[in-house]
Amino acid sequence: MISHYDRKTKKCMHYAVNACLAPLYSVEGMHVITVEGVGNHKRGLHPIQETLARSHGSQCGFCTPGFIMSLYALLRSSETPPTEEQIEESLAGNLCRCTGYRPIVDAFRVFSKTNNALYTDISSLSLQEGEFICPSTGKPCSCGSKAVHDIGTNEQPICSTRYKPISYSEVDGSAYTDKEFIFPPELLRRKLTPLNLSGLGGLKWYRPLTVNDVLELKEKYPNAKLLVGNTEVGIEMRLKRMPYQVLISVAHVPELNIINVKDDGIEIGSAVRLTELLNLFREVITQRPANETSACKAFIEQLKWFAGTQIRNVASVGGNVCTASPISDLNPLWIAARAKFRIIDCNGNIRTTLAENFFLGYRKVDLTSNEILLSIFLPWTRPFEYVKEFKQAHRRDDDIAIVNAGMRVCLQEKSEEWVFSDASVAYGGVAPLSLCAIKTKEFLIGKKWNQDVLQGALNVLRTDIVLKEDAPGGMVEFRKSLTLSFFFKFFLWVSHQIEGKKSIKESVSLSDLSAIKSFHRPPLVASQDYEIRKHGTSVGSPEVHLSSRLQVTGEAEYADDSPMPPNGLHAALVLSKKPHARILSIDDSGAKASPGFAGIFFAKDVPGSNKIGPVVLDEELFASEFVTCVGQVIGIVVAETHENAKLAARKVHVEYEELPAILSIEDAVRAESFHPNSQKCLKKGDVDLCFQSDQCEMIIEGKVQVGGQEHFYLEPHSSLIWTLDSGNEVHMISSTQAPQKHQKYVSHVLGLPMSKVVCKTKRIGGGFGGKETRSAFLAAAAAVPSYLMNRPVILTLDRDIDMITTGQRHSFLGKYKVGFTNKGKVLALDLEIYNNAGNSLDLSLAVLERAMFHSDNVYEIPNVRIFGSVCFTNFPSNTAFRGFGGPQGMLIAENWIQRIALELKKSPEEIREINFQGEGSILHYGQQLEHCTLAPIWNELKVSCDFLKVREEVDGFNLHNRWKKRGIAMIPTKFGISFTTKFMNQAGALVNVYTDGTVLVTHGGVEMGQGLHTKVAQVAASAFNIPLSSVFISETSTDKVPNASPTAASASSDMYAAAALDACEQIKARMEPIASQHNFGSFAELVTACYLERIDLSAHGFYITPNIGFDWSTGKGKPFSYFTYGAAFAEVEIDTLTGDFHTRTANIFMDLGYSLNPAIDVGQVEGAFIQGLGWVALEELKWGDAAHKWIPPGCLYTCGPGSYKIPSLNDVPFKFNVSLLKGNPNVKAIHSSKAVGEPPFFMASSVFFAIKDAILAARAETGHTGWFPLDNPATPERIRMACLDEFTAPFVSSDFHPKLSV
């Protein structure tokens, strides 16, 4: 949080900023508070930190400081408590990959304003039966209503404490504790001075304080970049590597910060920040006549979805204008609203130009090198003049536009008719600059306002806005259709505004009104329903995450936080730029001459073996002769700083001879490009005989494309490696799910025995499978320079490099043939599935096998044949990701289930029910279902969501709304628990009991936010009958517990808790003789007595999962110990004109047995669901392939948060309910619990099929009632282009299929 004193208002401004974009020089003379300054575990936690920790709002903890600081800045700057909406708005721009956001929103809600309408009009909230009303807000309470069923005590929910500020001052803002840092008094007295500072590489930084000083500097340095918030220049310099040498910070120039509200409009200085602009417009619309502020209202709506709060707090109006981005959200509006730009040159001459004439080309504006933008003048709108904003992005919140627009019309009454006296239609995202539809404007002026003019204008627009087929950014048909959809919406909106005015004969039909209803997100309503089955002191209790108090204060340490030892070096990778090529030569002379360079290493320098791989050795650590993907590692550079290492790596020049590349599954199938020995088959019954017999009354065939997904753990890959005893031993701290793999890879490439290599991991900032195998080659690469130079080396990947090099969730292609009866009973499934492995096998075969095991989802099919193949392609090797192939297999199954329903004109839920497996069902791989809880889960879900009633309501809504449609779906799942490779189902733990009665547990599992350490500690605490606070787990280390399997497959709690329990039981057995002789007052006394009797108080525990095994030669066996079952209901609403959607409701039921920690398990369910929502509806990987010719071959376009969109807080369902099935112990796992990590992920497909249900309703409007393919992710493009209507018809046929990288 930045605080600075504003001498004009005599107040302090407190606001959150992005630390990575705020140059140190920009905060000179300001007060900076980081998360450590808010509170820490020694000095005490701030109420914000306390409530987030207590509400389970921090899992891996890597994103937590950002959320804390965003809310802290809001609270410090608010005199009265903020509203819930303001709190949610302040958090926009923060991403979380673990929690699903619900607990964060719940935690922070206690700081919001209480509802004045207490206890009134509760019925309007349509309360669900049994919902608890919070006495504080008068609303359904989600912070207190865990609807907890505590066996034995049956506690009533208690609402959380609400926090209010204890003091407020104009300088210090609001204080919530007496330990808040005040604004330093010396900064109040300090006068602002001009700055002239130097930076790295001769960079000059100036901070002038008058406009004349700015103009002098601009004359001296014509190519200098002016900046305020550094939000664009910072990105250009860091990510686009633009070498600006002179930066002029104009943030403190009074003439550029003016805000002048005049009689004819508003003058806005070019350095005014967007947050100030938003506040100004909000104030103005309350003070001026409504007809004058139409443009202001449009800006308010557009700014609401412009970047995140932290960016708006520092980004300036002029910066956005002069950047002249073709997708600027504001520039089309400035054009449409008749804004004028005032420009001043170095001689002080001022000229004015219209916004529509200011933009000349791609990032080119009407400014000479000696001119700057002084201010913007926005005129008031005239009577019967209307301005409206439009924007469609991949993600509603904090995302750049695909297409945006600003539109204006001015109407005049002429002889009892309304005619266009003026108009402006401006688009972004359809050309290299913000573009005016000139022909459309000319067509409109003078025309009468009626339906005919609408059709005419739409026809002119099609020729006015022309996008070429190979336009950068792709999605050409979608973007073209948006230009028409936006204009249609504008026409309806204006029609609605002027309704009831004299001479207006036509009114907008109620059905058409749906096109112009603005989106307003209600505050989140959520419930978590579970029972507490306590076992001993701790097991079964909803304890908070053991590290949560360190995570909320920013004190929790991750790999990159490890202090760099003396003499340490930073590493950067030299990467391939071609998808398939022979390396002809490598010139590293540029790197060697680079500043801070210390060494460079290639394949020839590897001391041990250069061949690596987790299953088969089919990869090279450093490519020697051939590269087989873009992003393959060719070498590694070490230098004195991270930036110097990256600079040196970029200077390595590699000459290639390009070779043909395989860039899709279809390419691989055509070329028969499969990994060796990777084709598998599973059979049950006789598929061919069934198809030939007359049992199958209907047969369908089709194919399903399943998109990939980036892990997007918040902490990128990182390893710090150092040698001991002059290189005799190697130690490392790594961000990995598999320390043993790091140990193995490093020993292998260095030629050392594993006993001399140690890998430690304290915690990781998210993994999700992406750090199971693909982290190991990075540690091995960093180990080479560390070992050869005998110096510590740290390798931490930047986000783009991480995404380009380390692989993603596998995309799949499924080809199905299904036979069924007229009632919908499935009789035969013939399935071919292919996954895109990339350029090495990695775990792709195991991923394929699990997809094959899960290809039935929960359906009884007498005859099954599944062929699976692992495709070799020229992409980085794909890898494990939550679900490990299971979700892909199940998504294919649910596609053909839904198609059967359409063919038979039945509901998909009915088809699902008549095909359910049950107790005793024999699966297609020979395993028999035991303790199957599918039916009770499904039935409870159906009752809880009142499915038939909601179906009626949705159909009614769709009947009365032409352009908004709702859809619902209920989806079941069953997920097998165990590694499908038998030997991996083993776990070890070391338990040490100390004489003060405390216990240290070390086990082979890694804490990555999933609460594994917390659950294992709970098991140990209950075993010894001691409080949880007496048990500690420090880290995972290969020298404490050897040969550990990766923390994966959802099985870690089952295995490591059981291993820890085994060790505890051994110690208890040794203590028993002493314990039985005396009645000890405490555990510490007992331990001391045992110690005095020389009893061993340390034990190694071990666990193997019993009764599992599978034989691929027969295709039969029992690969899974048990199954976790679940079902989910979702209701969505789509905008058929833009493809925008939101999830109105999500209800999830899971069977987790007797949960070891129900609060942590609910957190896993919510987090998995929102991550799954990303996979099915938001997150699209775009590769350079035949479908995306505008991307260089084999390159990943979506390689950062700017282009790859994970769910944000705004994507959480409005109503989000999680229930755990009660009274169903699981006999197969520790303390009757069940695994939870992966099974809920697939539940999010309920949103996907609800979207498809809504699209079906939209297509029915134009007579398209048959089945249609919809690929995941169901992005706005796919939703919009599937909703066929008159605005898509000019561009696509009814069978159009948007492109997908598969």
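Our numbering is plain: 1 for the first residue shown, then up by one each step along the chain.
Using N, Cα and C of the backbone, Cβ positions are placed for all residues, glycine too.
The feature active site, proton acceptor is assigned by TrEMBL to GLU1238. Listed in sequence order, the residues of the same chain lying 6 or more apart from GLU1238 (active site, proton acceptor) and placing their CB within less than 8 Å of its CB are ARG882, GLY883, PHE884, GLY886, PHE975, ALA1049, SER1050, ALA1168.
The [2Fe-2S] cluster 1 binding site annotation in TrEMBL covers CYS20. For CYS20 ([2Fe-2S] cluster 1 binding site), the same-chain residues lying six or more positions away in sequence with a CB closer than 8 A to its CB are GLY234, ARG238.
The Cβ of CYS98 ([2Fe-2S] cluster 2 binding site) has 29 other Cβ atoms within 10 Å, all protein chains considered. What TrEMBL records for CYS60, CYS63, CYS96, CYS98 is [2Fe-2S] cluster 2 binding site.
TrEMBL lists 226-233, PHE306, 316-320, ASP329, LEU373, LYS391 with the feature FAD binding site. Counting only same-chain residues at least 6 apart in sequence, those with a Cβ under 8 Å from the Cβ of LEU373 (FAD binding site) are SER270, GLY318, VAL321, CYS322, PHE341, ARG342, ILE343, LEU367.
Here TrEMBL flags GLN737, PHE768, ARG882, ALA1049 as Mo-molybdopterin binding site. Within 10 Å of the Cβ of ALA1049 (Mo-molybdopterin binding site) there are 26 other Cβ atoms, across all protein chains.
What TrEMBL records for GLU772, ARG850, PHE884, THR980 is substrate binding site. Neighbour count (other Cβ atoms within 10 Å of the Cβ, all protein chains): 28 for PHE884 (substrate binding site).
Sequence annotations record features per position, and here TrEMBL assigns domain 'FAD-binding PCMH-type' to 198-383.
ARG882 (Mo-molybdopterin binding site) has a Cβ environment of 26 other Cβ atoms inside 10 Å. Highlighted in sequence order, LEU843, ALA846, VAL847, GLU849, ALA880, GLY885, GLY886, PHE979, ALA1048, ALA1049 have their Cβ within 8 Å of the centre of the Cβ atoms of GLU772, ARG850, PHE884, THR980, the residues recorded for substrate, and are not part of that set. Applying an 8 A CB threshold to same-chain residues 6+ apart, the list for PHE768 (Mo-molybdopterin binding site) reads ARG97, HIS711, TYR713, PHE881, ARG882, GLN1171. Same-chain residues with CB within 8 A of the center of the GLN737, PHE768, ARG882, ALA1049 CB atoms, the Mo-molybdopterin site residues themselves not counted, are GLY767, GLY769, GLY770, GLU772, ALA880, PHE881, PHE884, THR1047, ALA1048, SER1050, GLY1237, GLU1238. Apart from the site residues CYS60, CYS63, CYS96, CYS98, the chain places the Cβ of SER58, GLN59, GLY61, PHE62, THR64, ARG97, THR99, LEU714, GLY765, GLY766, GLY1009, GLY1167 no farther than 8 Å from the centroid of the site's Cβ atoms, the recorded [2Fe-2S] cluster 2 location. Between the C-alpha atoms of SER316 (FAD binding site) and CYS63 ([2Fe-2S] cluster 2 binding site), the distance comes to 26 Å.
Put simply, the two farthest-apart Cα atoms among GLN737, PHE768, ARG882, ALA1049, the recorded binders of Mo-molybdopterin, are 12 Å from each other. Distances between the Cα of GLU232 (FAD binding site) and those of the binding-site residues CYS60, CYS96, CYS98, GLN737 are shortest for CYS96. Residues listed for substrate, GLU772, ARG850, PHE884, THR980, cover a largest CA to CA span of 16 Å. Taking Cβ-Cβ distances under 8 Å and a sequence separation of 6 or more, the neighbours of LEU226 (FAD binding site) in its chain are VAL214, LYS218, ILE248, VAL250, GLY318, GLY319, CYS322, ILE372. For the domain 'FAD-binding PCMH-type' (198-383), the model's pLDDT averages out at 96. Per-site Cβ counts within 10 Å over the binding-site residues GLU232, GLU772 peak at GLU772. Checking each of the binding-site residues (CYS60, CYS98, GLY229, GLU772, ARG850, THR980) against GLN737 (Mo-molybdopterin binding site), the C-alpha distance stays within 10 Å for GLU772.
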